[in-house]
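Since the structure comes first, as structure tokens, the remarks are kept for the end.
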Amino acid sequence: MASRSCICQVSAGIIFLIGAALLVAGLVIVLNVFPNIVNNQINDSKVLGLNADGTLNSFTDSWVNSKYISTMQYWVYDYTNTIGIMNRAIYPDVREKGPYAFDEILTMDKLNFSENGEFMEFRQIQTFVFNPNKSCAGCDPYKDKVLIPDMGFQVGIDQIDTVIEGILKNPLAATICHAIMKGKPNANQTCSNLGALIEGELGTLISLFNVSPFTTVTVDQLLFSGYKTPFVEKFLDEALGMLHFLFGTAPKPLDDPPIQLNPLNGTSDIINTVLTGKTDPLKAGYMTEFRSISNNSLFNSIGNTLPPMWWPYANKTYCKDPNSALVLTGTNGDYFKNFVKKTDILPAFVSDVCRTIHFVFDREVTVKGFKGYRFVMPPTQFDYSLDENCGYCIPLKYGSYEYPAQSACLPSGLLDISQCTGGPIIMSKPHFYQASKVVSKFVPRFKPTYDNDETMLDIEPNTGTVLQAQKRLQINMLVNQFKHIRSYSVMRPGAYPLAWVNESFYMDQNTIDQLNSQLFTPVSTVNTICWIAVGLGAGLIALSIVMVIVSFCCFRDEHHKTS
């Protein structure tokens, strides 16, 4: 009997050792070895470059020839109370029309790799094709019209007001006036009053040419094809010519290009340079510079520094971090680094706002079965009370909202990109979401919400793959108040909305299959095998313990019987 008990205990010991080995091996593999293998595989595969035969490697090919489902949706604003805005300082009231949906086709060309394989050049072209099936019922951008603030009017009235002020201060004009008023009492005061009268009645003169601060355009003209401003066509050219004839003051020649919100449909002048990730896979796709093919200095970065004319006040002495606004860093938002953590701040250069945006973690999400992290654009990005945003302040020539002339910058929630675009364009989140109160109340009809107005990036954290994204921005125009021109001295100065946009990206089936085949299927398979081994090992250990206990009990009973 003792022999059988001994055999049982030895067998239990062997089973225990086998179980312990399976348990330890399974835990080591699932918790240490395999994650390292997967991490190395992800890093090795996320490098932009070529195969040995000169073709694009898998990662580069999937990016360059992306099949993501991309749609650009526009909602445009139709102003309904322009008379009240101009004559009674009423807040703007608008009707929102849309969405006008456009299929976005992304193509890349002019690919080039540096000799050392560290850098890649490319040009990305966006082409937009109207899709009535995704748009609002009956919406037609080529026929639908909206009444909007005229950007050309604002630029033109600013320029002519400057010219008139220059003329009135011209010694020749003063001499002529005094000659006319010769011998009359208070000639100086009369000439001064006459100058103020001329400037004050400029609006009346302009109205004779059937020109207004607002104009009617089609949706397509506003977005893509462009419109010619009536202010230049009907008034400014003739008025400046008359002033030049009378006073000999040569005005600056006026360009009259079409005005549109998206002038780059189907074309691009920019060559981007990014890191390939050869040295550091976590920096794959990081922007290092961009340049204009036509050598337009406005669109040439200086290495990883944005064009200084975009943010000309970034180097002012009162900015504690003068270079913060000019830093070019991060990817272009098509993908992000591997192994994203919730505490990470993800940089991306967003050309729509002419600056780098830093995204922060918001919440966990699930997209088509994949677990992801949602990152959003925090309100701190447009908060000018923060030192790092000092360089984005553009002094207000005429003042705006409750801010006086020459104020340091706009209220928080707005971004002045006029130096980058060449027009009085102000960017914000749609419906002034998260903007300061003085901004959010400017259009009382707006009711901003997180779901409709926040920019969202849903990212698979292991690979940095964008599962889906919603880039939401509002395009506004800065309307100034010309206090010396009576007809325009009442209008509330501020950011008048023109349109808001939702540029959405969704994974295509190929991306889903790649994530499954390259990452999740192998991980799931190995994890399953390892945890089965762990479970089997734990079961064998439990079995061996039971065998020892049973053997001990049986041996003790037999021992009592024989004794």
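Heads up, the Cβ atoms here are built off N, Cα and C, so glycines get one too.
Per Swiss-Prot, the feature topological domain 'Cytoplasmic' maps to 1-13, 550-563. Taken from Swiss-Prot, the feature transmembrane segment covers 14-34, 529-549. Annotated topological domain 'Lumenal' per Swiss-Prot: 35-528, in sequence order. Residues or ranges marked as N-linked glycosylation site in Swiss-Prot (evidence: sequence analysis): N43, N112, N133, N188, N265, N295, N315, N502.
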Candidates N265, N295, N502 (glycosylation sites) - the one closest to N112 (N-linked glycosylation site) by CA: N295
In whole Å, how far does the CA atom of N295 (N-linked glycosylation site) lie from that of N315 (N-linked glycosylation site)? 24
Rank aside, I only need the closest one: which of the glycosylation sites N265, N315, N502 has its C-alpha nearest to that of N133 (N-linked glycosylation site)? N502
Taking the Cα atoms as reference points, how far is N265 (N-linked glycosylation site) from N315 (N-linked glycosylation site) in Å? 34
Taking only the Cα atoms, work out how far N315 (N-linked glycosylation site) lies from N502 (N-linked glycosylation site), in Å, as a whole number. 33
Candidate with sparsest Cβ neighbourhood (10 Å radius) among N315, N502, the listed glycosylation sites: N315
What three-state secondary structure does DSSP assign to N315 (N-linked glycosylation site)? coil
Pick out which of the glycosylation sites N112, N133, N265, N295 has the most other Cβ atoms within 10 Å of its own Cβ. N265
Taking the topological domain 'Cytoplasmic' (1-13) alone, what is its mean pLDDT? 59
